[in-house]
Amino acid sequence: MELKETTRDHSGVHNLAFQNDSEGVHVLRPKGLRENLQRIKNSPAKKTVHTDEEDEYINIESDLHEKKRDSADDEQPRLKGHLEKKYDKACEFCKKHKTRIYYVIYGILITAYLAVVIAACSLNFQRALPLFIVTVLAIFFICWDFLIAKYEDRIAAFFSPGERYLEKQWFWLKWVLYAAFIIAIICWLVFDTAKQGSRQLISFGGLVLYVLLMFIFSKYPSRVAWRPVFSGIGMQFILGLLILRTKVGFAVFNWLGIQIQTFLEYSDTGAKFVFGEKYMNHFFAFKVLPIVVFFSTVMSMLYHIGFMQWLIGKVGWIMQIFMGTTPVESLVAAGNIFVGQTESPLLVRPYLPYITRSELHAVMTAGFSTIAGSVLGAYISFGVSASHLLTASVMSAPASLATSKLFWPETEKPTVTLRGGLQMAKGESKNLLEAASQGASTSILLVANIVVNLISFLALLAFLDSALSWVGNLFDYPQLNFENICAYVFMPFSFMMGVDWEDSFIVGGLLGYKTFFNEFVAYERLSKLIHNRKKGGSMYIDGVKQYMTVRSEVIATYGLCGFANFGSLGLVIGGLTSIAPSKKKEIAGGAFRAMIAGTVACFMTACVAGMLTVPGLEIPCHILLGNTFNSTDFPANGTEVVECCQQLFTSVNHSQEIFPGGNYSLSSWKGCCQILHQPAFHCT
């Protein structure tokens with residue numbers, strides 16, 4: 001082996017190293033190479049093949065020159081026609097004035113839309129009221145976004161003196177605000193108890209108890225920042241007060257619930273086409289699961305057009321301002337109102353590797369304390385109140401941040417503190433149809449997950465009940481089952497939410513189903529209780545209560561509205577680990593605490609609902625009057641009771657019957673006679 005020298009010329013570099021002389025391999029010299037290139041230049045029309053000692057070298061450089069020359073010959077100058085020239089001028093004009101043309105088109109479309117709104121309102125304003133409200137809100141937020149985008153610096157400079165003043169005085173001002181908030185709550189409880197009864201006090205005591213328990217078992221009790229805790233509970237209370245106690249708020253959410261129910265019923269068209277006319281015979285498989293597919297498709301489309309990112313950003317910004325939480329945890333908590341616990345962290349995926357342990361705990365807690373919009377439709381189809389499910393989803397978002405910051409306080413300095421807002425991830429679909437198709441395809445895994453979990457959990461539950469009944473039979477207690485065990489464990493928690501004592505055993509069993517299995521099983525059991533109450537009949541059969549009061553049903557609806565169960569625990573660990581592998585150890589270490597915090601957040605939401613739920617808002621009059629005059633807890637002079645008594649006697653006057661055919665008991669008549677002092681004709 002002989003090491004040769006590397007030679008260079010204008011045609012390139014040829015490394016002649018490690019040339020084997022014994023094998024007789026011939027290497028082209030620079031001179032021969034130049035002669036070969038010269039022959040190529042002199043005969044461009046031919047393909048040059050150089051053979052040297054049975055080695056063939058095919059040169060394609062001449063082919064490239066030949067093709068270029070042929071293409072140049074084909075491109076002959078051509079005169080454009082009159083129409084082509086006009087078309088080119090029109091294209092140049094559109095490119096030059098593209099922005100103005102867009103403004104003109106948008107202006108025409110907006111003008112046409114406003115004309116339609118005005119025409120609809122002029123014909124029948126009551127009928128067009130929802131369209132009018134949506135239009136006003138859209139105009140407000142469009143103007144808001146425009147002003148913030150263009151004059152954000154000026155607005156910030158205008159309010160900066162007030163911000164600096166608040167920062168200086170915040171040490172004593174925060175305690176004044178906390179004291180004012182507590183005094184306002186106490187005064188409200190005093191007046192509300194005098195009007196509605198004493199049961200609201202139990203819910204308030206339960207709320208205080210859960211806060212104390214979270215503080216006692218906190219990771220760092222001495223490092224708790226109380227602003228997120230009190231502001232989160234305050235936001236819960238304000239939202240509940242607006243929705244459950246004001247006629248406007250209750251009417252709005254009740255209307256939204258009806259519209260969602262109507263919207264979800266459109267999935268029946270696809271289910272009927274695929275499964276036939278008798279698809280309702282298999283209610284869960286062919287009625288409930290198609291709703292999950294339909295809702296997932298709609299959410300994917302809203303995500304594609306950017307509406308979901310916009311809405312989540314606005315809700316997250318509000319929580320960040322009022323609660324003082326970081327942008328990442330605020331956005332994830334807002335996102336969990338609408339999407340699932342594994343989809344919401346994807347909104348802030350680039351920032352997850354840089355968040356603190358407390359922020360990571362808040363992200364997981366938010367997923368455990370809320371439910372996804374896709375399964376919300378399934379629970380509504382069970383017969384659970386749509387308005388209460390919507391309210392629970394909204395109220396649990398600030399509650400999740402409050403319990404998270406109480407159970408795992410912030411001890412590090414957050415690194416992601418962007419004042420201009422986070423850049424949320426966008427959808428991968430290129431158009432609306434592709435987004436709809438992706439949403440439907442994505443729901444396949446969700447539907448399959450629901451089906452296999454229900455099959456396995458219900459089968460496992462039947463086996464456990466049979467085994468426990470056998471064990472109980474050995475001790476002359478064959479009624480022993482999994483629900484009874486869970487009922488005894490969770491009965492104190494359900495009672496502290498404000499559930500009636502006789503119903504706390506049933507609600508405790510539902511909480512056990514939700515915690516150890518999933519919320520699907522619990523809501524399915526709750527729907528049976530709701531249907532039994534609506535059908536009427538005996539409340540007790542063989543000593544077993546068949547249905548609960550409406551108040552207990554409402555509180556149970558709020559307490560069950562969350563993904564906090566052991567099945568979701570593995571789902572969260574696996575999903576977040578795949579998104580942020582560098583946080584694997586922190587995710588595994590804090591997931592169980594996050595599940596406990598999410599469970600308590602649902603309990604706190606149920607407590608607030610118990611404080612604010614008024615039976616007369618949705619209980620039929622015959623049930624309200626029966627409960628009123630058969631129980632000492634109900635105030636006999638409540639506004640709703642008086643209205644129901646007036647409605648009762650009005651029906652008598654119209655029907656000319658003393659006891660019109662209905663569900664009113666004799667005690668209801670006697671009680672109404674005492675309240676309204678009606679003539680003896682009605683009270684005989």
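Including glycine, each Cβ sits where the backbone N, Cα and C put it.
Per TrEMBL, the feature domain 'Concentrative nucleoside transporter N-terminal' maps to 206-277. Here TrEMBL flags 285-383 as domain 'Nucleoside transporter/FeoB GTPase Gate'. Feature annotation from TrEMBL assigns domain 'Concentrative nucleoside transporter C-terminal' to 388-610. Summarising the annotation, TrEMBL assigns transmembrane segment to 103-125, 131-149, 170-191, 197-217, 283-305, 317-340, 360-382, 443-464, 555-579, 591-612.
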How does the model score the domain 'Concentrative nucleoside transporter N-terminal' (206-277) in terms of mean pLDDT?
88
Sequence gap of 6 or more, Cβ distance under 8 Å, 3 or more pairs: do the transmembrane segment (591-612) and the transmembrane segment (360-382) meet that?
yes
Determine which residues of the chain contact the transmembrane segment (103-125) at the Cβ level, with the cut-off under 8 Å and only residues 6 or more beyond its ends counted.
131-132, 135
Based on DSSP, tally up the residues of the domain 'Concentrative nucleoside transporter N-terminal' (206-277) by helix, strand and coil.
61 helix, 0 strand, 11 coil
